[in-house]
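Below is one structure, written out as structure tokens; the observations come after it.
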Amino acid sequence: MESIEMYDVTIMNERLKRLNKASNDGDINELNQLMEEDPSLLDKFDHVVPERARDNPLHIAASNGHADYTMEVLRLKPQLAEMLNREGQLPLHLAIARGHIEVVEKLLDHTNGRKFHLRPESKYGYMAAHIAAINGEHTIMKMLVEGCKHVLNETTPRHETLLHLAVVANCFDSVCYLIKKGINLNEKNVDGNTCLHLACQKRNHQVITYLLDQEGMEVNSTNARGLTPFDVLLVTSWDSVTDVYLVDILRRAGGQGATELGNLQSIFSNSRYIFSYRNKHMVKAQNDAQILLVVATLVAAMTYPAILNPPGGFIQLPFDKEDAWRPFGEDDVQSKLNTTFYKNWIYTHYEKKDFL
């Protein structure tokens, strides 16, 4: 009897391995073959403890984008669509995160009005629409919002709206869509940040400009640190002319810092944060200035002798066009040494990306 039970377990384990591979490959023929061998094979997942549940066949197929295979599994065992894995995720959540639109559509078509996509995954508490927004999946997010209007106002455990998530994901299409649908522009997350705070933190020129054009956008709202969007923009590291332009357009829209608004609590509670951040970047700026000064000195050191002592003396002889690129003459050993030193110094003090 014991040997028979061991034999049954071995067969069952082998079939489950074949089922996992079929689900991973989207092999419908293998799935049907397994169901012929054991019609109750998919029922085995009914008794799995959620905390120990691995991905069921529908999780695997959905995450790999196998739409036809997903349809076949739904036909055989539709209950699998509502089962969570050990991460607390539905097959729908995995399909959304990987951007498999066709699979998402087929899973939603089989909800039979139960709207299980409103059920949050248990690990982070994100609903299906939140996952779409986080991953920049605009088409899927729009599909979910259109299918259930009140999703628009659902927030994450960190009190993030779909707009917060879309801004962080830099998905401009989603930002525009959500605002047109009437989402609250000035909703704050758990850190007190509005969508404008986050856009300034990301330094997204397109999103910031669009938000500032919206009626009712609070330009000087303060977050939990007492920082306005203008403050956030200033304390975020700058690395392009665009950042200067962003400061200008925010100013033109009425943007001010906490100190200008006279918010004493904000000023005192955040002065250490603001000044430490700015001091750090001021030190960097001073170091960069010193580096540029040395570079200028090196350039001058190479250029000045070349002007006073041009190759061939002050009486210049005719030269070929091929020689025109040679700044100090082909045989000027000292100039070559200077140039080599200059290049080595530059590459020592700057990373490659600084020249791009």
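Quick reminder: no glycine exception, Cβ is built from N, Cα and C everywhere.
Here the repeat 'ANK' (87-110) has long-range neighbours at 50, 55-56, 58-59, 61-63, 65-67, 70-71, 74, 78, 80-81, 116-117, 119, 121-123, 126, 128, 131-132, 135, 137, 139-140, 143, 147, meaning same-chain residues at least 6 beyond its ends whose C-beta is under 8 angstroms from one of its own. Taken from TrEMBL, the feature repeat 'ANK' covers 87-110 (among others).
Taken from TrEMBL, the feature repeat 'ANK' covers 158-190 (among others). Note on the repeat 'ANK' (158-190): residues 129-130, 133-136, 138, 141-142, 145, 151-152, 198-199, 202, 204, 206-207, 210-211, 214, 216-218, 221, 223 of its chain, located 6 or more positions outside it, place their CB under 8 angstroms from a CB of the stretch.
Annotation source TrEMBL lists repeat 'ANK' at 191-224 (among others). For the repeat 'ANK' (191-224), the model's average pLDDT works out to 95.
Taken from TrEMBL, the feature domain 'PGG' covers 286-316.
Summarised by DSSP class, the composition of the repeat 'ANK' (158-190) is 16 helix, 0 strand, 17 coil. Counting only same-chain residues 6+ beyond the ends of the repeat 'ANK' (191-224), those with a CB under 8 A from a CB of the stretch are 158, 161, 163-164, 167-168, 170, 172, 175-176, 179, 185, 230, 232-233, 236, 242-243, 245-246, 249-250, 253-256, 258, 261, 263, 266.
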